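J.: Right, I'll just put the structure down here and ask away after.
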Amino acid sequence: MAQNITLQFVEEKDLENLENVKLLFTEYSNSLNIDLCFQDFNNELKTLPGKYKKPSGSLILAFVDENLAGCVALKKLEGKICELKRLYVRNQFRGLKIGKILLEEIIEEAKKFGYTHMRLDTLPSMKSAQGLYEKFGFYDIEPYTYNPIEGARYMELKL
């Protein structure tokens, strides 16, 4: 039976979905087995939507048959450059192309905001995510932000 995948943009006053974002961001962080304190992660959770607030940022949730399945975020870096953050799909929903759907939507959102480039950093252990980024045309760049994890990969997409 086909599953119904829906996306929802999270607005500043949408308290229920901001809680869903916190839940998924926390699951994402726990899945990495590293401390994201170098990204001021705890403050990020406390101040949501924070740097992901429109008109320069965005938060998107994915649902499968109304079950919370995944998320992605976008924030302004500088000028016309944005950063992709927190692309995450829960284990039980992997294989349904939700990561691809979220990535397509956040790229379109970045274009609407007038960004010309999207950057990201990813960990060496995230091979499937890196493969997805490569399929979308992301290419390797020099480090643009601090990441203490050895082998972190920095990528960019021309929008």
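Using N, Cα and C of the backbone, Cβ positions are placed for all residues, glycine too.
Features from Swiss-Prot:
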- Leu87, Tyr88, Val89, Gly95, Gly131, Leu132, Tyr133: CoA binding site (BINDING)
- 5-159: domain 'N-acetyltransferase' (DOMAIN)
J.: Using DSSP and collapsing to three states, where does Gly95 (CoA binding site) fall: helix, strand or coil?
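T.: SS state of Gly95 (CoA binding site) = coil.
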J.: Would you mind listing, in sequence order, the residues at least six apart from Leu87 (CoA binding site) in the same chain with a Cβ closer than 8 Å to its Cβ?
T.: Gly70, Cys71, Val72, Gly99, Leu102, Leu103, Ile106, Ala129
J.: Report the largest Cα to Cα distance, in Å and rounded to a whole number, among the residues Leu87, Tyr88, Val89, Gly95, Gly131, Leu132, Tyr133 that the record lists as binding CoA.
T.: 16
J.: Can you check which residue among the binding-site residues Val89, Leu132 has the largest number of Cβ atoms within 10 Å of its own?
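T.: The most densely surrounded of these binding-site residues is Val89.
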J.: Sequence gap of 6 or more, C-beta under 8 Å: which same-chain residues meet both conditions with respect to Tyr133 (CoA binding site)?
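T.: Listed in sequence order, they are Leu103, Leu120, Thr122, Met155, Leu157.
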